[in-house]
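This report concerns only the one structure given below.
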Amino acid sequence: METFLFTSESVNEGHPDKLCDQVSDAILDACLEQDPESKVACETCTKTNMVMVFGEITTKATVDYEKIVRDTCRGIGFVSADVGLDADNCKVLVNIEQQSPDIAQGVHGHLTKKPEEIGAGDQGHMFGYATDETPELMPLTHVLATKLGAKLTEVRKNKTCPWLRPDGKTQVTVEYKNDNGAMVPIRVHTVLISTQHDETVTNDQIAQDLKEHVIKPVIPAKYLDENTIFHLNPSGRFVIGGPHGDAGLTGRKIIIDTYGGWGAHGGGAFSGKDPTKVDRSGAYIVRQAAKSVVASGLARRCIVQVSYAIGVAEPLSVFVDTYKTGTIPDKDILVLIKENFDFRPGMMSINLDLLRGGNYRYQKTAAYGHFGRDDPDFTWETVKVLKPKA
């Protein structure tokens, strides 16, 4: 049997880049909660003892940016300098201006356009992907790497492993076979975890706890065998982490946010962007389209691309490829997609309820992936049943 290896990585919520994504989306949540028409393009950067938020926001909401920054960092677990950042004593810098009036008139006509008329906030192309290899219809490498990261945070916060600190990275290599275009996982080849820890714990204790409390509950036993390789904190020491260890920026983890290197990516990041930014809303709707194709039994694996021009409502192109796994021709699947999904930005906002913020709605997306999540707030994960015409 001919097989191949494929690898996906993840980082958990204490990684400095992910801290920035969460701050940007916490600010988006706060704006949309009070004013669903908020136009938000919020970037965050961080380094030792400092978090800065900057960008363009036009909103009627009253938002305490500094409080949101501190609350978000504290919620992650950055409560003292020795864990990488002290949420209550770090410097918070804010440099936020209004959205450019040139962009405003072209995209939403200074809020005068009807939903079906609202143009894309920028040019770009986005991809959605789905595969039948997991119940989530997501790649197994990505699902396992992401769940390992989430479990690391869980056992840190519930004190199962009190030596854990917020920063951490995971990576999973899976051996696959190609079944006429569909991906079939055979086994987990390698598991890599690098996690921040306190000064007191030994490397043996780290390895033992990670195997028992993180790997065992996450990776199904059927995928592990005596040949599975484990690299657990292979550098030997990871005490300094978070923004103290390295700088962080919003939008630096776009593959972790999506499909772990499978499918394709148009390059646009998600966090800190309101739904007129098609980098986000366009990527969400093509995930729904690709997932619906696979869930409806029309293909075992599917990728969908959409593209836009700034200020233009209708997409420039829509593309689908089922990697030769389709039960009907791709051209017929494309017709079904165009009939069932409205790719105009204003209509995506309505159909996926994307103008609703608050209650951590977008902040939740900013760690552990935007896709394959079982949460009603992730409206783009709802399957539309696609029926080919008789």
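Backbone N, Cα and C atoms are what each Cβ position is placed from, and that goes for glycine too.
Checking the candidates Gln99, Gln105, Gln123, Gln196 against Swiss-Prot: the one annotated together with Glu56, Asp246, Lys277 at the L-methionine site is Gln99. Comparing Cβ neighbour counts within 10 Å across the binding-site residues His15, Arg237, Lys253, Lys273, Lys277, the minimum falls on Arg237.
Arg237 (ATP binding site) sits 31 Å from Glu43 (K(+) binding site), taking the Cα positions as reference.
For the recorded site, Gly168 (ATP binding site), the DSSP three-state label reads strand.
By a simple count of nearby Cβ atoms, those within 10 Å, the most crowded of the binding-site residues Gln99, Ser235 is Gln99. Between Lys277 (L-methionine binding site) and His15 (ATP binding site), the C-alpha separation comes to 25 Å. Taking Gly168, Ser235, Lys253, Lys273 as the binding-site residues under consideration, the smallest Cα distance to Gln99 (L-methionine binding site) is found for Lys273. When the Cα atoms are compared, Lys273 (ATP binding site) and Glu43 (K(+) binding site) turn out to be 9 Å apart.
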